[in-house]
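Copied over from Swiss-Prot:
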BINDING   ARG59, THR60, ARG109, HIS139, GLN142, ALA265, PRO266  carbamoyl phosphate binding site
BINDING   LYS87, ARG172, ARG224  L-aspartate binding site
Amino acid sequence: MSVKNGLVQLENLTSMENLSIDEVMGLIKRASAFKAGKADFALDEQTFASNLFFENSTRTHHSFHIAERKLGLDVLEFDAQASSISKGETLYDTVLTLDALGVDICVIRSGVEHYYEELVNSDNIHCAIVNGGDGSGQHPSQCLLDLMTIYEEFGKFEGLKIAISGDLTHSRVAKSNMMMLQKLGARLYFTGPAAWYSEEFDDYGHYANLDRILPELDVHMLLRVQHERHDSGESFSKEGYHTHFGLTQERAKMLKPTAIIMHPAPVNRDVEIADSLVESPQSRIVQQMSNGVYTRMAILEAILAGKKAK
C-alpha cells in the first residue's frame, strides 16, 4: 500500500487497520474528484470484477456494481445458489477458480469474520480481495464513504465530537469507523444498551449517556439493530428501544444546528431514528448512499493501480 503522485495504490482492502491516514485522505479526495467529474480514468486492458455476496445487501452490492461499470470493468455477478457453493465448494476454492478464469478483483461479503485471511495469504490466488463486510468484523468501504461524508461537511476530523449509537458489538461499521476516526483525531462517544457494549470500545472512546452528550455533538452516527446476529432468545421492543436509545424528534431538537445525522442503512424507521428525521435537513443518510458509489470507484481505482505497480 502506498500513495504515489497523489494516487493511492492498494493490493487488497480488507480492514481499516491496514490503511494509513495518507491513504485514507487520498481515497477521500479521489472519491470527491470522481463526484465532481474531475477525475480522469481509463483502463489499459480488459478487466474483470466479480461480486460475491453471501449476506443480503442493497447499497454495498449495487454501489460496487455501479462503480465497476462506471470505471469500465466487466462485471461477473455471482449467485451462490447457482454456483458450486451449493455443492459444497469452499469460498477459497471458489475464489481460486475465479482467479484461474481471469477475474482481477473479487468483492466479497461473508458472515464469517476474517474470511479474507486465507485468500490474501495464498500463494495461488492473485486477484485482489475487497472486503464488502465480514460478519461483525470490518466494513472498510462503508467507513470510507462515512469519512467522505463527514469531510464534505466539516473539512476536517480533528476535534470533531462524534457519537456512534446503537448495536455496537454486532456492528462492523462501528468497529471500522472507531479505528480510523480516532486515528484522524475525532473525539468518540458510544451510546446504546449496555448489553451491546464491550471493553473493545474503551480504547477508542467513552461510553456515554446519549441525552447528556447530544448538545455537544458534531456527528450522530446511528447503527441498525442487527437482529440476525442476536441470540434467538434475546428480548427486544422496538418502542422501548426508540424511547430509550433512538434519535427521537425530541432528542433531535437537542442537536446543534450544524450537527449532522448519519446511518449506514438499512434504516429501521422509528427504531434507531424517528421516521421524520431520516430525510430531514440535518440528515446525511441519502448523501452517504450517493457517496458510496464514488468512494468505491476510488477504492477500485487504487486496487487497479496497485496491480499495475506490481
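Each Cβ is built from the backbone N, Cα and C atoms, and glycine gets one as well.
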Set of same-chain residues at least 6 away whose C-beta sits under 8 angstroms from ARG224 (L-aspartate binding site): GLY166, ASP167, SER171, HIS263, PRO264, ALA265, PRO266, VAL267, ASN268, GLU272
Proximal but sequence-remote residues of the same chain as HIS139 (carbamoyl phosphate binding site) (Cβ under 8 Å, at least 6 apart): THR60, ASN131, GLY132, GLY133, ARG172, VAL173, SER176, PRO264
Integer Å distance between the CA atoms belonging to LYS87 (L-aspartate binding site) and GLN142 (carbamoyl phosphate binding site): 32
Chain-mates of ARG59, THR60, ARG109, HIS139, GLN142, ALA265, PRO266 with C-beta within 8 Å of site centroid, carbamoyl phosphate: SER57, THR58, GLY132, GLY133, VAL173, PRO264, GLY292
Fewest Cβ neighbours within 10 Å, where candidates are the binding-site residues ARG59, LYS87, ARG109, ARG172: LYS87
Largest inter-residue Cα distance among ARG59, THR60, ARG109, HIS139, GLN142, ALA265, PRO266 [record-listed carbamoyl phosphate binders, Å]: 16
Integer Å distance between the CA atoms belonging to ARG59 (carbamoyl phosphate binding site) and LYS87 (L-aspartate binding site): 28
L-aspartate binding residues LYS87, ARG172, ARG224: largest Cα-Cα distance, in Å and rounded to whole number: 33
